[in-house]
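S.K.: One structure, pasted below without further comment.
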Amino acid sequence: MVKRRLSAFGNAFLIYFIIFRLCCCSPQTSHWCKYPALCLKSPDTHNENLVCDAYLSVIATKSEEKEASNPTTWDFTPTNKYQEPSFHTKTSLNGSDTISSNFLSKYEYSNGTSTSEFIDSISPPLVNETSTISSSKKLEQNYSVTEVIDTNIITSSSVTLPISEDGSSTSAAATIDSNIDEKTVAFSEEKRFNFASTDCAAAVIKTNPEAVGSSSILTENKDKYMLNKCSAENKFVVIELCEDIYVDTVQIANFEFFSSIFRDFKVSVSGKYPKYESSWMELGTFTALNLRTLQSFHIENPLIWAKYLKIEFLTHYGSEFYCPVSLLRVYGKTMIEEFEEANEDFLEQKVNDGSAIKADEIRKPQESPIFVDEEDTDVQSKPVRKNPSVELNSTDTLLSSTVISKSLSTVVIGNETGKSESYPATSTRSFNDISPSSSSSYSTAQISTFPSNQESIYKNINKRLSTLEERKKAFDEIVEKILTNYGKHNAKNMNFTQLLHELNSTLQLEISKLSKSVVKPSLFALQAKLELLSAENEYFQSQITSLYQESSFQKRLLMLQLTVLIVLTVYMAVSRLPENLPTTRSSSNNPIEASRPPFSRDEQDISKANDFRVSASSAVYTVGPELLQRKKRDPNTSIRSIHEREQDKIIHSRSHSVC
């Protein structure tokens with residue numbers, strides 16, 4: 001049993017070795033390969049694509065035949081649809097797409113084979129799946145493969161892809177880096193700073209709900225990627241960049257096999273994170289190639305200084321389940337870089353203007369004055385040469401961006417015939433752009449590359465400083481005129497001051513004479529009257545003081561008399577009281593009981609209550625010894641009647657004493 005298994009294993013290993021020798025050969029060993037088109041990978045190169053060397057093997061085999069006169073075509077179909085050629089694509093000036101293969105080849109082949117036959121023979125998937133190549137109408141171009149020694153440098157072997165005769169092309173040019181592991185990258189983008197990297201604190205702000213691992217696209221690790229379902233309706237990613245930049249290049253890559261590659265996508269930017277989707281500013285819609293390499297997309301008009309970048313994936317190649325994105329890079333210019341470039345251009349223009357002015361001074365042409373209209377005052381500047389090849393402004397007053405204040409809003413230049421034309425001060429036309437036959441001149445300013453783009457803060461500050469300098473110059477001119485006028489009137493002011501001084505001295509002399517003759521005698525008389533009045537005032541004050549003292553004495557005497565009168569009145573009233581007032585309980589030894597009246601108020605209340613509410617028999621009275629004696633004298637008289645009589649006597653005696 002073991003022997004059978006070992007023999008089967010040996011047979012399988014032998015079959016595998018034979019197939020490997022037949023199919024996995026290199027271009028250098030293609031002279032003994034029976035099927036060079038089946039070569040999968042070259043051991044001498046580090047290319048990740050598995051079909052490039054197969055194409056090279058076909059080219060090398062055909063190059064050995066050296067059939068330049070007879071066009072040769074090849075029929076080749078890749079063994080795997082995911083094994084795609086690694087091409088470096090860029091847009092040339094004439095509009096044709098140039099593909100440069102990054103591989104090592106020691107063969108040179110050149111014949112009259114048309115480009116359509118070459119593309120159809122060696123790369124059917126690229127032609128069929130890419131919308132940028134028209135299979136019906138193609139221009140015939142020759143191709144060549146040249147020898148390159150260093151494998152780390154992109155070779156000069158290239159193939160010019162055909163374009164349609166009507167000039168149609170893609171909406172954006174895609175630059176594909178076939179070997180991102182190598183040091184040399186197309187357009188030297190690798191040397192630039194990536195503003196969508198986690199090294200500078202860039203972050204993924206938002207993605208569609210189906211996206212997984214979105215932060216992986218900001219790292220350089222090829223094994224990590226943002227995974228997205230191709231069936232998702234709205235696939236997007238929002239990234240916060242490191243700084244506010246002018247976005248000029250976006251690079252996207254998908255290195256994953258057995259997955260669909262993005263095709264059409266839209267790039268939008270915003271300075272602040274927008275609340276609404278309509279706030280995003282679209283930079284363009286781009287079409288990528290069906291290649292698993294780093295693809296570059298250049299943006300012509302960045303519009304604004306972007307802090308947030310949004311990429312929406314619209315379509316994709318193939319019909320796989322997942323549409324991953326492995327890497328994203330964003331390149332651009334910061335505000336300070338834009339300002340430095342503008343400053344360099346300004347310095348170059350300043351040097352050119354200075355040389356032009358020096359050359360014009362030698363010619364000594366006819367001069368004509370220039371007038372500047374202001375809101376309130378017309379200011380005439382120095383004459384300027386009429387030659388249109390000379391700039392209007394000198395090197396001392398030339399600014400990086402011509403921004404004149406409201407007071408210097410219009411420039412009017414006269415000519416020999418008396419005609420004049422007015423132009424705003426923000427005109428971007430210079431003297432160098434006008435032919436010598438022109439009859440008018442224009443002010444100079446820099447021409448911006450993108451006039452609709454948002455200006456940087458440094459450029460805005462520079463413009464404000466330029467405006468401030470212009471206003472200061474205008475202010476200095478006005479102050480100089482004012483000082484000139486002041487100098488003219490200064491002599492008149494001095495004469496007027498001297499006249500006032502002489503008049504003042506004359507008036508002082510006249511006033512002193514008048515005071516000596518008139519004012520002093522009157523002053524003496526007034527002083528005598530004042531002394532007399534002060535003496536009379538002192539006499540009146542002494543009289544008033546004596547009267548006050550007398551009145552206070554009389555007041556005290558009156559109070560004393562009133563007091564004595566009151567005392568006498570009280571005494572007389574007390575002395576007139578009757579002496580025989582009846583008293584009750586006089587025999588009592590208690591003085592308090594003796595001083596009590598015959599009956600108290602409580603007893604009166606009781607008697608009144610008995611009169612009105614109770615019968616006479618139930619009345620209670622206090623009976624003294626006198627009442628008992630009277631009762632004995634007159635038994636028919638009741639105690640009540642006797643008591644009433646006594647009360648009448650008491651009341652009568654009291655009223656009499658008071659009277």
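In case you wondered, yes, glycine gets a Cβ from its N, Cα and C as well.
Since we're looking at a predicted model, the values are computed, not measured.
For reference, Swiss-Prot lists these features for the protein:
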COMPBIAS  423-434  compositional bias 'Polar residues'
COMPBIAS  581-592  compositional bias 'Polar residues'
COMPBIAS  641-651  compositional bias 'Basic and acidic residues'
DOMAIN    173-335  domain 'SUN'
CARBOHYD  N94  N-linked glycosylation site
CARBOHYD  N111  N-linked glycosylation site
CARBOHYD  N128  N-linked glycosylation site
CARBOHYD  N142  N-linked glycosylation site
CARBOHYD  N393  N-linked glycosylation site
CARBOHYD  N415  N-linked glycosylation site
CARBOHYD  N495  N-linked glycosylation site
CARBOHYD  N504  N-linked glycosylation site
REGION    417-445  region 'Disordered'
REGION    580-603  region 'Disordered'
REGION    632-659  region 'Disordered'
TOPO_DOM  575-659  topological domain 'Cytoplasmic'
TRANSMEM  557-574  transmembrane segment
S.K.: Cα of N495 (N-linked glycosylation site) to Cα of N504 (N-linked glycosylation site): how many Å, rounded?
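M.R.: Between the alpha carbons of N495 (N-linked glycosylation site) and N504 (N-linked glycosylation site) there are 14 Å.
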S.K.: Including all protein chains shown, what's the count of other C-beta atoms within 10 A of the C-beta of N504 (N-linked glycosylation site)?
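M.R.: Counting Cβ neighbours of N504 (N-linked glycosylation site) within 10 Å gives 9.
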S.K.: Mind looking up the mean pLDDT for the domain 'SUN' (173-335) in the predicted model?
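M.R.: For the domain 'SUN' (173-335), the model's average pLDDT rounds to 88.
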